[in-house]
Amino acid sequence: MTIFDNYEVWFVIGSQHLYGAETLRQVTQHAEHVVNALNTEAKLPCKLVLKPLGTSPDEITAICRDANYDDRCAGLVVWLHTFSPAKMWINGLSILNKPLLQFHTQFNAALPWDSIDMDFMNLNQTAHGGREFGFIGARMRQQHAVVTGHWQDKEAHTRIGAWMRQAVSKQDTRQLKVCRFGDNMREVAVTDGDKVAAQIKFGFSVNTWAVGDLVQVVNSIGDGDINALIDEYESSYTLTPATQIHGDKRQNVREAARIELGMKRFLEQGGFHAFTTTFEDLHGLKQLPGLAVQRLMQQGYGFAGEGDWKTAALLRIMKVMSTGLQGGTSFMEDYTYHFEKGNDLVLGSHMLEVCPSIAVEEKPILDVQHLGIGGKEDPARLIFNTQTGPAIVASLIDLGDRYRLLVNCIDTVKTPHSLPKLPVANALWKAQPDLPTASEAWILAGGAHHTVFSHALDLNDMRQFAEIHDIEIAVIDNDTHLPAFKDALRWNEVYYGFKR
């Protein structure tokens, strides 16, 4: 069972009574066939639920009102099977607060050249019915997605499925609670921001809990629970000699297990699905939570270090979006560079907290080593390299008057040499279009040093995310040229200034 099983998407057909009862009967019959086929064959993440035809303003408004108040409804897919006068949709669309997708399709794929008549033409009017609906969306400044293609086309299935992921993610975000253990890392700017504005824009709440509250829960964990979790570690990871049963760091592993169990219990009791820590505020914890954070991220929790609640929330959002897809998604940080003409590389990592969902190894290494930051006992952590291939890094920043999402398309590569003295998980990548352009564009746009790294999602997913939340997006990819990128930032400043 996944988060998508908690939601459904309503399939709404637009028509009108002008065409008579027989045409409406055929429209309903077609709709039932299409919905059944999509649910059976399209591998959509959510179930489609067919609603009664929308043939009048009152019917359409009732459907939209019901969608707003049904917690299981993640959004609406609308198909204009016949012409559906768009003034009928104004009241409904004006109150609708769920995501909307217009499926611009028709029942038949090919025209019946020898038999086509006006009855056929009147029944299958998506081509201009969809344009009428599009006009009222544009006239009302209504943000909605559009997918064109036959309902049996796999590309259309993929695009509808991707939109469904966004719709569910948006509903989950409205309920998201972010827990900050301690406050922001002292004097750091980009990790701070306006939490009230974030809740207004996205719906997630951010609040702080004292580390002492967490420590109380951690200290309440019994040996039996710790032993059971240690057994799971033994079967899931390759333990170094120091962390094995008679190793000199075995107690550190037990303490890491205690912290993991305590953190998870605290988060579950509070209904949190994202959290932050900071190494400046660990009073009462014996070690920086490394292994605990890595494993909680793999279970779907959002996380970021140094109190960075925006990145923690974004990671949770992207975890939901990518549920069930191939490839992982993790907290990440651009850590250091390899400058080599034509082969510039970025080594990404963090002190400890990189999610094993992006690991190339089936069984990462579990080790305990010294950490020179935080002044605590040596922490446990998982060490691994990252899968290769296309990926993205994304950053959500607070510009005061709006939010900006930055996305850099990257290509992760195999580490050309072993890293015997680097005791942390890491990812190595080439930034698109090249490191100088990518880094300069990122810096000019104000991108954070913390990001969400993902093999599972791509630029199209993040464009949809920005659209569905109505925020700015700045893209750095192989098509990026700095002069044009700078111009786009200036134009966005004007556009969003007028939009306020």
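Quick reminder: no glycine exception, Cβ is built from N, Cα and C everywhere.
What Swiss-Prot records for the Mn(2+) site is E333, H350, H450, and among E306, E377, E493 the residue it adds there is E306.
For the recorded site, E333 (Mn(2+) binding site), the DSSP three-state label reads strand. Other residues of the same chain near the Mn(2+) site, with their Cβ within 8 Å of the Cβ centroid of E306, E333, H350, H450, are A304, G305, D308, T311, F331, M332, M351, E353, H449. The Cβ neighbour count for H350 (Mn(2+) binding site), using a 10 Å radius and every protein chain shown, is 22. Residue environment of E306 (Mn(2+) binding site) contains 25 other Cβ atoms, counted within 10 Å of its Cβ in all protein chains. Secondary structure at H450 (Mn(2+) binding site), taken from DSSP and collapsed to helix, strand or coil, is strand. Counting only residues at least six positions away in the same chain, the Cβ atoms of G305, G348, S349, H350, H449, H450, T451 sit under 8 Å from the Cβ of E333 (Mn(2+) binding site). Secondary structure at E306 (Mn(2+) binding site), as computed by DSSP, is coil.
A 10 Å cutoff on Cβ-Cβ distances gives H450 (Mn(2+) binding site) a total of 24 other Cβ atoms nearby, all chains included.
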